[in-house]
Amino acid sequence: MVMLCISAFHPIAGDMTGIYFVPVVILIAVGKAGGVPVLEGFLVGQLTAHEPRQLLDIDEGRVNARKTVWWFTASLLCKFITPVFFGSFGWRVTFMVSTLVMGIGYFLFLCCIPLCHHRSVDEAATTSETSRASPEENTNNGPTPAVSRGRRLKEQWKLRIKKIKEQWKPLSVMIPMWTTFLVFGLVLSTGNTFFTEQGNNMDGTVSIYTLIMIRNIIKATLSSSFSTLLFKYTPKPLKTKSIKVGILTAMVVSVFCCSVAWRVEIHRLRAIEDSKFCVKFNQDDHAVVPMSILRLLPQFCLLGLMEGIGKQGLDLFFEVQVPDDVPMQKYGSALNEAVIGFGSFLNALLVYRLKSWFGDTLNCSSRLDYYYQMLMVLSFVNLLCNWFVTTRYWDKKETRDDVEGNQEMEIELRVE
């Protein structure tokens, strides 16, 4: 906040912009990745506390559905208001209003703390700790020799290390799937930056913020719908397979997104060349490319479709693959965001390495179509890798939900 405040009231020199804003972006990404899972967990805890005690064990889907409704409503409200409200203001006003809204949010949260449901202390944990110590006290009638005590401590350490390895081993299941989401994050980062820049100086039938809002609405709607359909209408034995199909669909959409963006960029560069836009732009900064900004709508829609299904699918895949006793299980969303966010660094690295394709502007001295074409090829290769990973787990990995679902179906058949 301090660095953003300085940038709002004191202009940053051009050669210092990158050095100044890179730490800001990293801090924002870390804060977002760490805050969202905690907020989601807090919301689930509050909604669970409102459920009748006799339904807590059997109505988890109801809690998740209510959480999805609240989360979706808040996200949709932000996606509607932010582009419309902040689109016409400068950075200083935007920063001041954002700080004011954040301060009001913190104040309301502090005022509502007495109304929140607090968890009672788990007495079972205390009892288990005392029970661990009591046998040792009862069995030891006299002083224990130093050798046997050292041997016992060594065995305890071995058991602890073995337990830690058993807890963290399921997390390694995510590594192959995370690898395929690096290119996914690269495409997503490219869409967040270059798609908007493409709209500059195009025929403004609608505002570029309208396209961003449509993309965000599609992302939020599909993310919520995918989760709801999976929890409500998908049997447990098919849940993991449905998640993998959703992830594979997101990878296919990423290929189409890059392909559409590539073809649109070719037409945009051709329109710039035919209309001699660069000559006009040197004479008039308000010159317009004779191409409607609505031509960018398909790639924005595909980007929202890809992000909504892909991110939600990865989060659900993490929940299914990683057991609850793994320490980092509650931070699956943060870990997934970190992996996808690494695509932003890949995007910056590629742009730097391929700087001959990028000039001062995207209109007159850049070949963004080459970059999109390269991303299309990378996305297709990544699709094949994801298909290999998905089918490998599909054939060789049976998750806990699959086992539970098969057992439930066997019990039902026996009862019938």
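Cβ from N, Cα, C; glycine included.
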The residue range that TrEMBL labels transmembrane segment, out of 16-39, 208-231, is 208-231
Range from 95-116, 168-188, 208-231, 243-262 with the greatest count of C-beta pairs under 8 A to the transmembrane segment (338-358):
168-188
Ranking 95-116, 168-188, 208-231, 370-389 by Cβ pairs under 8 Å to the transmembrane segment (243-262) puts first 370-389
